[in-house]
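Below is one structure, written out as structure tokens; the observations come after it.
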């Protein structure tokens, strides 16, 4: 104890939605997009618009598939409650308590309302990882030793392996398979870009459909946790309810867009191939391949030599 108060030790904080890995991925894809925008003035005519649409759409799909692995808002919930602040203390604080579930773990946020109460600044955001290379229970034990505020420990305790809620294994397995299927979607996205550049347009469309399918599979995998028994998180009379967050809906939207794009490419291949090749800037190549030679020039001297 330090003057009757449990000390709080400084640690590296992880934000609930964005972290360093997310920023790195976004910067990499923005670099690719900026490089393309530098060369786009060299493309003439309508092909410039078609190239812009194709490249930006492809980069958008790729960045979403990668970024959602590192975000922490697949499932989110907030509640405002009047709750105890520390163990062995009768002091009550009014705070906003947030739960953010990602594929790699959970973030528990505690923000005072107002921020300064009981002579302290109440603004916490703690990350507890449950990936296969992390020990969730150990992270929770470290939080106990550090003397984290009671609301954070109460929420984090719901996801431990020893908790009566029994949701730790369900969340961990569902998040693992959701992450695995997203990486498969990333591989199929790469293959689709290779096929479009060869160009084998119809097979690129098929791979876009596969990409969308694996993104939907990842959502189905994560949503299985909603079928398990709910574990209510009470703060007095207030209850912390959670729902699907921004990363979940963003993945759903991009997956549906991949379906729409793939179906469009396949449909145009069988019903309007010329329009499809125009969009992929292939009509000029086709014209050159099938261009007929109308006049033939023969060197008279060469013919004379052959006759001799």
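A Cβ is built for glycine as well, from the same backbone N, Cα and C atoms used for every other residue.
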Note to self: If I go by TrEMBL, the feature transmembrane segment sits on one of 246-271, 272-297. Which?
What the structure shows: 246-271
Notebook entry, point to check: Which residues, given as numbers and ranges, are at least 6 beyond the ends of the transmembrane segment (51-71) yet have a Cβ under 8 Å from it?
Noted result: 17-19, 21-22, 25-26, 29, 32-33, 36, 40, 43, 102-104, 179, 182-183, 185-186, 189, 193, 196, 211, 215, 246-247, 250-251, 254, 257-258, 261, 279-281
Next item on the list: Using a Cβ cut-off of under 8 Å, list the residues of the same chain at least 6 residues beyond the transmembrane segment (202-225) that approach it.
Entry: 61, 65, 74-75, 103, 167, 170-171, 174-175, 177-179, 181-182, 184-185, 188-189, 191-193, 195-196, 244, 248, 251-252, 254-259, 261-266, 269
